[in-house]
Amino acid sequence: MTKVRGVTHVIIRNLLILLLALLVVGTVIAGGELRIERNDLGRVYKFYQKDGEVGLVDAISGYFSATWKFLRDPPEVMGTSLNAFVIKSFALLVLTEIFLLAFGLFLGLRAGYYRGWADKVVSVLAPTFSAMPSWFIGVVFLFLFYWKLSLFPINFEDTINWAEVHGTLSTGTYLKALALPVLTLVFSSLWEYAFNVRNMIVNERSSDHVLYDVARGLPEGRIMRKLLRTALPAFLTFTTYNFLEILTGMMLIEVIFNIHGLGYLMAISFGLTRIGDGYGFAYAPEILFFATAVMMLFYFINAVVMEGLYLYLDPRSGGREQ
């Protein structure tokens, strides 16, 4: 019952955070829409028109209504269903998280337990790469792996379209086209993840129960598994709060590698357009809100899963006994 109450509390709390965040985002987006319309600063593209003058509250409620309709019956944007944008971002996000968690835990555990070269590498690269934005690493990898080594394609959409035209499209084509974006996102965050695991393992390694296990002559593999179980709850907490950074990086990476996902959708939902002899804003507030809402939903799902695992693994919260 303790675990059930804990998970219920996690879901309710994150739902409230999600709703509050969407209201704030909706207010900002609606403010931009009303300003453009009232001052004739550009064109506002709407999927669902409303009669009469629209106020702030009406605009925000319209965004929620449009998002719900988009989810049930996705329209096409630039000749592509909105579902395709969501699926591409989800695939990129899942692949990044899988490799990031696996390699982050492995490197951090090795650096914290064995120290040596792994500890030195992680300790040096963590502060170095934490100061570099993912888009900068993406540009470096683009130059290295495409221009110099020609190992991976850099244009996701062109790679998929070429394979479709020539009848060679397969799962491997998608994975190859996503390889460089995933590598960029993983490499930009890996060292910070590993460094946090390393610190947790170093702290736990000097604890009484670990020293007792060493004195008993337990195999190293068993001791490392116990250390990992002990450090994992804190690592899950770090993963929850760092997920937003990955989402932000993913938005920029999609634009760099021409992946028509949610980040790309947000980028094309507003921008300069030609109006007569001058320029103004082309603004699609419903699309911008939809893309933001789905990305926030990804964050909600990640937070619930990670915090739920934390409750299960941490004995102090009534979870699994170690």
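Each Cβ is built from the backbone N, Cα and C atoms, and glycine gets one as well.
As annotated by TrEMBL, transmembrane segment applies to 85-109 (among others). Using a Cβ-Cβ cut-off under 8 Å and counting only residues 6 or more beyond its ends in the same chain, the transmembrane segment (85-109) has close neighbours at 77, 118, 122, 156, 174, 178, 181-182, 185-186, 189-190, 193-198, 200-201, 224, 227-228, 232, 235, 239, 246-247, 250, 253-254, 259-265, 291, 294-295, 298, 302.
The feature domain 'ABC transmembrane type-1' is assigned by TrEMBL to 86-300.
Feature annotation from TrEMBL assigns transmembrane segment to 121-147 (among others). Among residues of the same chain six or more beyond the transmembrane segment (121-147), those with a C-beta under 8 A of the stretch's C-beta atoms are 107-108, 111, 153-154, 180-181, 183-185, 187-192, 194-195, 198, 249, 252-253, 256-257.
The transmembrane segment feature in TrEMBL is assigned to 174-195 (among others).
Residues or ranges marked as transmembrane segment by TrEMBL: 250-275 (among others).
If you look up TrEMBL, you'll see 287-313 (among others) marked as transmembrane segment. Nonlocal intrachain contacts for the transmembrane segment (287-313), taken as residues 6+ away from its ends with a CB within less than 8 angstroms of a stretch CB, comprise 3, 6-7, 10-11, 14-15, 17-18, 21-22, 25-26, 29, 45, 47, 63, 66-67, 70, 77, 82, 85-86, 89-90, 93, 97, 229, 232-233, 236-237, 239-240, 243-244, 247, 251, 262-263, 265-266, 269-270, 319-320.
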Point to revise | Long-range neighbours of the transmembrane segment (174-195), counting only residues six or more past its ends (CB under 8 A) | key: 91-92, 95-96, 99-101, 103-105, 107-108, 111, 122-123, 125-126, 128-130, 132-134, 137-138, 141-142, 145-146, 152-154, 156, 159-160, 235, 238-239, 242, 245-246, 249-250, 253-254, 256-257, 259
